[in-house]
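Notes follow once the structure below has been shown.
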Amino acid sequence: MNDTLGSWKRTHYCGDLRADHIGDKVCIMGWVQRRRDHGGLIFIDLRDRTGIVQLALDPDRDPEAHTKADRVRNEWVIAAIGTVSHRPEGTVNPKMKTGEVEIEISELRILNQAKTPPFMLDEYTDVAENLRLKYRYLDLRRPTVQRCLMMRHQVTRTVRNYLDEQGFLDIETPVLTKSTPEGARDYLVPSRVSPGQFYALPQSPQLFKQLLMVSGFDRYAQIVKCFRDEDLRADRQPEFTQIDCEMSFVDRDDVMDIMEAMIARVFKETINVELSLPMPRMAYAEAIDRYGVDNPDLRFDLELVEITDIVRGCGFKVFADVAGSGGMVKAINVKGGSGLSRKELDDLTGFVANYGAKGLAWVKMTADGWQSPIAKFFQPEELRAIEQALGAAEGDLLLFVADKPATTNQALGRLRQHLGQKLDLVKKGDFRFVWITDFPLLEWDEEQKRHVAVHHPFTAPLDEDIPLLDSDPGKVRAKAYDLVLNGSEIGGGSIRIHDQAIQQRMFNLLGIDDEEAQLKFGFLLDALSYGAPPHGGIAFGLDRLTMILAGTDSIRDVIAFPKTQKATCLLSEAPGEVDPVQLRDLGIRLAARAKS
RNA sequence: GGGGCUGUAGUAGAGUCGGUUACAACGCCGGCCUGUCACGCCGGAGGUCGCGGGUUCGAGUCCCGUCAGCCCCGCCA
């Protein structure tokens, strides 16, 4: 029924054929994108991963091939031998890379037929994502989707080459490993050999790469899968890939210098963008002060301005009360934003409510002064002071949040990012990097009534802040750094604690007593006591980095077989039930379902 | 755990105030066509309006619940 490949060998990819090939006899293979039947002449657009080329089948030239082409349908797999020829005068298609030529087919083989696909594999149809994911292998035939995965390949290739040149060794770390406290929820794997015990899939190879430093490998790097059992987002999947690095005998600047050069190489070799180095660096405290968040998008201004002191004694009770009780009042000036409708302002109020803000005060700057529900509460000199602080001019829109400092910063900071998108303040093709440094080492967790590590428990404190570990742990800054690109955290790392005594103190500060520390991290503490070099490292989110390079806003676009928001795979239907025998072997009995 | 958006032939959509047989496009099937390229022309088939319940003389349309996909909060050292 179908033809066999026989002795045919492919000579060219479809998308590579050009006028240079005119006169060549070629053999190409691929999928039928479309067939156009003119009664006599038949055209077939043949597609492979490189592109599309037009096949011309003339009944006068080869009746047998023409008859065969009559049966062919979309997505059938065919092979053809023919001669590359210039298209006749007036029929060149400038929209196609290969549009100057066509292949005059002399022999055609149908290698496989295809059912009519559940959706059209063209660039014009926007298909529902659940259908795309169920038939992902078809979705992945589409050039736009293929482009993303090819981009990903270019990123990993460039990274591997660079790290190899810089002397990093690629060493694999275990996937079946041990659950550790702190951090994200683990994916667990039951042990058959040790009933009742579980492996955990790594949230990152953190401990192992530190052990490799103790072993003297000096520079380690791995492109590696990590697993976190937390809820998904547009830029978060339960299994994702890190570019994971660790280096010995370095400080923060060494790591940042080497890594930003790697990122620059990636941008050059994937999208041919030249980045200027060094990348700017900004302390955490400054980022929070100016942008409200630790991942600021520097492609636009719209900075936060604190006016707590100005409104401390004002007649607007909401502001005055917050200012008088340790809270914070901040505002942003949306230049030329006074045209926003009441509905839009209500939407923005709803937006900040997501982040716990109880309200969003607004002022439209008009020729007649303040147009605002709160204008009447302020004295003229207060109005002027606020205008001056914000640089307000006619046509501007001022937006205010008053709350606890953390809430004010987060709500207004997220509002800033939101407005950047909504008001189209970002220029396409603009890449603004910033290293955020000097993160707090610890933060107080109100629910658990204890300190938790901001980065992770192995992050070293700044040398000058070590005395504060005892007196004021919340003030200690960490030797940690995040690389932020266009408001997205694409990587982060730190210099680690290489001193066993300090690591022990760190665990104590986190409320992990010696016994628990020994139980959970004993092997690390042991290793640190056998001559651990000063070391530090970083991990980049390969998926997020590729998203930005590919210009897409969903992490699923850069993953071949991604999971849905409920962490299921619509293609394989994972997760699924397992055979009772498998459970018995593992010593697992399922609890009765809570529902139904 | 919570908030929001979406769900109608294979696909992506329209469907008015609750009222006759649920529309047209693309795709599919058949026919015609020798220079098209998202070919064109003629004809045809194709529907559990996500699912369940309710209101009503009557529900794609209104109400309640539920499922799925997506976006967000919490969570993500």
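Residue numbers in this text run from 1 along the chain shown.
Backbone N, Cα and C define each Cβ position, glycine as well.
What TrEMBL records for A:E182, A:R228, A:H455, A:R496 is L-aspartate binding site. When secondary structure is read from DSSP and collapsed to three states, A:R496 (L-aspartate binding site) falls in the strand class. Of all the Cβ atoms in the protein chains shown, 25 others lie within 10 Å of the Cβ of A:R496 (L-aspartate binding site).
For A:L542 (ATP binding site), the same-chain residues that are 6 or more apart in sequence and have a Cβ closer than 8 Å to its Cβ are A:R152, A:V155, A:T156, A:I223, A:F240, A:T241, A:Q242, A:I243. According to TrEMBL, the ATP binding site annotation covers A:R228, A:D229, A:E230, A:Q237, A:E489, A:G541, A:L542, A:D543, A:R544.
Taken as a whole, the domain 'Aminoacyl-transfer RNA synthetases class-II family profile' (A:149-562) shows an average pLDDT of 95 in this prediction. Sequence annotations record features per position, and here TrEMBL assigns domain 'Aminoacyl-transfer RNA synthetases class-II family profile' to A:149-562.
Among the features that TrEMBL reports, region 'Aspartate' is placed at A:206-209. Below 8 angstroms of C-beta separation, residues 173-174, 177, 180, 220, 222, 244-246, 456, 458, 521, 523-524, 537 of the same chain, each at least six residues beyond the ends of the region 'Aspartate' (A:206-209), sit close to that stretch.
Summarising the annotation, TrEMBL assigns site 'Important for tRNA non-discrimination' to A:H38 (among others). All protein chains shown were included, and the count of other CB atoms within 10 Å of the CB of A:H38 (site 'Important for tRNA non-discrimination') stands at 7.
According to TrEMBL, the feature site 'Important for tRNA non-discrimination' maps to A:G90 (among others). According to its DSSP assignment, A:G90 (site 'Important for tRNA non-discrimination') is coil.
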Practice problem: Pop the Cα-Cα gap between A:H38 (site 'Important for tRNA non-discrimination') and A:E489 (ATP binding site) into the table, whole Å please. | Solution: 54
Quiz item: What does DSSP give as the helix, strand and coil breakdown of the region 'Aspartate' (A:206-209)?
Solution: 4 helix, 0 strand, 0 coil
Exercise. Have a look at the recorded positions A:H38, A:G90, A:E182, A:H455, A:R496 and say which one has the shortest Cα distance to A:E230 (ATP binding site).
Key: A:E182
Quiz item: If you run the three-state DSSP split on A:R544 (ATP binding site), which class comes out?
Solution: helix
Quiz item: Which has the fewest other CB atoms in a 10 Å radius around its CB: A:E182, A:R544, the listed binding-site residues?
Solution: A:E182
Exercise. Out of the recorded positions A:H38, A:G90, A:R544, give me the one sitting nearest to A:E182 (L-aspartate binding site) by CA distance.
Key: A:R544
Quiz item: What does DSSP assign A:E489 (ATP binding site), in three states?
Solution: strand
